[in-house]
Every structure is written in C-alpha cells, then in structure tokens.
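Colleague: Below: one structure in structure tokens.
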Amino acid sequence: MIRLVIVWGLFAFVFGKALNLDDTDGSNNGLLLSLNKQLLRSLETQEGLANPSIHLALRLSNYHNHVKEDEQLTKLKTDLHNEIQSSLRSNQPVTGLLALYSLALKSSCYDLNTVSFRVTEKPETLLAHLKKVMEQEKEHVAFSHRPLTNYYQYSLGVLALCVNGIRVNNHVTHKLIKAAEHDNFKHGDVESIDTYAVAGMALQCVKDSGSYTHNAAEMDLALSKIKQKLVASRRTDGHMGNEFSTGLAVQALIAMGSEESEYSISMEAMRTAARNNIYHNPMAISQTLPALQKAILPER
C-alpha cells in the first residue's frame, strides 16, 4: 500500500495557482526547476504502484512533461484503481488513498463522474464511495472517539470532497472541528503538524464553500486554533514541526489567508533545505515543491 502523505501536495492542492512568482529571483526559479526534474526522473525508476502525491506535485508545477504525466495518469487509472477496488471489496480502510486518487485525477482535468468502483453488484462513482467512507469515519468517531483511520486521512477526505464540489455532511465537518478543539491531532504523544495543516485546509475549504450551517463561530475558533498551532510550531531555523511538514504548514497558512510575514521565514528555510539536498527522495520533494510555488486551494 502506498504510504499516505499529503502533498501534499496535499497536499494538496489540485488546480493550485502560483502567487507572486514575479518576485522570485533566477536562483529560486532554478531551484524549482531542479526539484521538478528530480521528480520526473523518479518516475523512470518508480517501483510498485503509481503514487498520486507525486502526480499532484507534477501537475501543480509550473514546468511540465506532458508525456510522462500522461503515462503516470494511465498507471493511476489502472494499477492504483484496481488496488483501491480490491481494498474496498475486502473492507480495508482506504480513506486517504481514495482522497488522493480523486485529487490526482482532478489535477489532470479528468471527469470523476466517469470513475467508478464495483464493490457490490451496482457500481458507484469514486466520489460516492469517498462520501460513504467519510460517513463511516464519522460514525467511528462517534462510538470510539477516533476515526477509522486517523485524523490526517479524515481531514484529507474532507478536503477532497470539498475541492471536488461535493457538499460535506455537517456532522462530518463538526467532528473535525471538535477534534481540533480538543487537541486530538497527534501522532502518538506528539502533535502532528501535518494533520493540523491538512485539517486547516479542509475546514477553510468547507467554510469558503458556505455549506457548513452549524455554528460559524465554532468553525472560526477551530481555524484560529489551527493557525496558532502551526505558527507556534516554527523552530529557530524556520521549519514548522520538521523539515518534511513545513511544506504542508506553509500551504495551510496561505490557504487560511495568513500574512506573508507569518510564513516567509519558513519558505526560506525550505529553500535552504532544498539546496542542501535535504529533500532527497520523491515523497519529500512532492511535499515541498507545491509550497515553494505557493500553491493554494482552487476555486470549486
């Protein structure tokens, strides 16, 4: 099973849009191009299933190799699709993978209404499955006080539904708001900055969609708390959480409308780390490249 990270990337961030790139000097543009080329080269030696996170990062880039991107898309629609269908049939939780798959397809302007899984006799679309899975996640929180997977994947599911224009159930959103309120975004005993970042982008998307009809003040309070957590996680070297979570944190701050002064130091920390070859594997690059290009959430 593909390791779930957001790009992300989360990533994150289909049909992203680069902001203020005109103030990026030639050195930074060269750095972005170098990272992009490393990602493209990684496709030639890629083992196992196609990774939707890497596809997202390439689609969000300003530099494209459409032949390789199309080849990667074909692998996603065949090998990865079949892997997800097999997992669904055996009742394995695949919330994050479903979400990333939907975002990867959307980033390639693919009609998601034509993508379906046959788990029972009647096939259902990818987004219908994702919405159903999120209901299961929500019910698991209600009875077990934690998601079926984890809050990172839960947040990614909310984000993917929202970005794809699907109304997120108020109760699904409310469970995420309460998790933020009660500091439940942890990996073991340590706060997960990656989860705070994805949750922030997910809740901001839902808020901007106007679909959340419960307590608006509660939503604003959760977003404010998430933002505070991200800013407070910044180390003396500028990274938020660690070198590999900084990209997500920066994207979240941008999505939540933060002032540039709140993430500019972290942007420079990522550039320095990239020049020092800290992001030496494809997954690390796919988390960092969208943030360095200031990718933000799309219009729905």
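Here the Cβ of each residue, glycine as well, is placed from N, Cα and C on the backbone.
Remember, it's a predicted structure, so these values are computed and weren't measured experimentally.
Take a look at what TrEMBL says about it:
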type     : residues                                                       : note
BINDING  : THR149, ASN150, TYR151, TYR152, GLN153, ASP194, ASN242, GLN287 : cyanocob(III)alamin binding site
DISULFID : CYS162-CYS205                                                  : disulfide bond
SIGNAL   : 1-18                                                           : signal peptide
Colleague: Need one number for the cyanocob(III)alamin-binding residues THR149, ASN150, TYR151, TYR152, GLN153, ASP194, ASN242, GLN287: the maximum pairwise CA distance in Å, whole number please.
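Modeller: Comparing all Cα pairs, the maximum is 23 Å.
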Colleague: Please identify, from the disulfide-bonded residues CYS162, CYS205, the residue with the sparsest Cβ neighbourhood, meaning fewest other Cβ atoms within 10 angstroms.
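Modeller: Checked CYS162, CYS205; of these disulfide-bonded residues, fewest Cβ neighbours within 10 Å: CYS205.
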Colleague: What does DSSP say about ASP194 (cyanocob(III)alamin binding site): helix, strand or coil?
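Modeller: Its secondary structure by DSSP: helix.
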Colleague: Between the Cα atoms of GLN153 (cyanocob(III)alamin binding site) and CYS162 (disulfide bond), what distance do you get, rounded to the nearest Å?
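Modeller: A Cα-Cα distance of 14 Å.
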Colleague: How big is the Cα-to-Cα gap, in Å, between GLN287 (cyanocob(III)alamin binding site) and CYS205 (disulfide bond)?
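Modeller: Rounded to a whole number, the Cα-Cα distance is 20 Å.
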Colleague: Under DSSP, is ASN242 (cyanocob(III)alamin binding site) part of a helix or a strand, or is it coil?
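Modeller: DSSP assigns ASN242 (cyanocob(III)alamin binding site) to coil.
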Colleague: TYR152 (cyanocob(III)alamin binding site) has how many other Cβ neighbours within 10 Å of its own Cβ?
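Modeller: Other Cβ atoms found within 10 Å: 25.
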Colleague: Give the distance between the Cα atoms of CYS205 (disulfide bond) and ASN242 (cyanocob(III)alamin binding site), rounded to the nearest whole Å.
Modeller: 25
